[in-house]
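Trainee: Before I ask anything, let me first share the structure, which is written out below as structure tokens.
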DNA sequence: GCCAACGTTGGC
DNA sequence: GCCAACGTTGGC
């Protein structure tokens, strides 16, 4: 069964300005060069290429506490994606995100929201342990261990995008494509606002990937 | 099962 | 910090 693609939009609502800074500085560290403010929004590290033999699919995810730098600094650049507490997002995450799928990492809730990188699903949906932890912000007292409500997946960083693709840019294209019938006319980011885990079609995926090689 | 009230998300 | 767009809750 061929791996599928998923667009994964990761929330960083608990990343305040400082954390956002940390995120980007961490990128800089990884790159072993200093990063100017301007460059920071242009995440330009080239990592090993992602494999990309895929079919379209749907998926997305949210997490409050995970930022892009978490992923980069995690062992194996892999981390679990916990904290999804929306049923629609949960269903995408649990039922459609499968190992091997590529995923876009979207930064939201920050000064400049946009896509910053590519990840890959490495472990399919399994119960999110934070729902049972009363000290965790995502604790859900209504969830029972023998029948967990919430799930998470593990994702591995594939690479940052060659350049940051902002929400503003995507929105502009989306609006153009609404008139022209272009590939981003139904992009989940705009047709399912606020949903943190969203499907992406193969066509959308390829189109957005191409943007990487163009000027903003 | 409806729906008003309320809470949350996330762009701006 | 504001507010629109949702989602969830709970009374009925």
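Note that the numbers count up from 1, one per residue, in the order the chain is shown.
Glycine too: its Cβ is placed from the backbone N, Cα and C atoms.
Pulled these from TrEMBL:
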COMPBIAS  A:1-12  compositional bias 'Basic residues'
COMPBIAS  A:36-53  compositional bias 'Basic and acidic residues'
DOMAIN    A:69-211  domain 'EVE'
REGION    A:1-57  region 'Disordered'
Trainee: Could you break down the residues of the domain 'EVE' (A:69-211) into DSSP helix, strand and coil, giving a count for each?
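Mentor: Once the DSSP states are binned, the domain 'EVE' (A:69-211) shows 50 helix, 45 strand, 48 coil.
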Trainee: Between 0 and 100, where does the mean pLDDT of the domain 'EVE' (A:69-211) sit?
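Mentor: Averaged over the domain 'EVE' (A:69-211), per-residue pLDDT gives 93.
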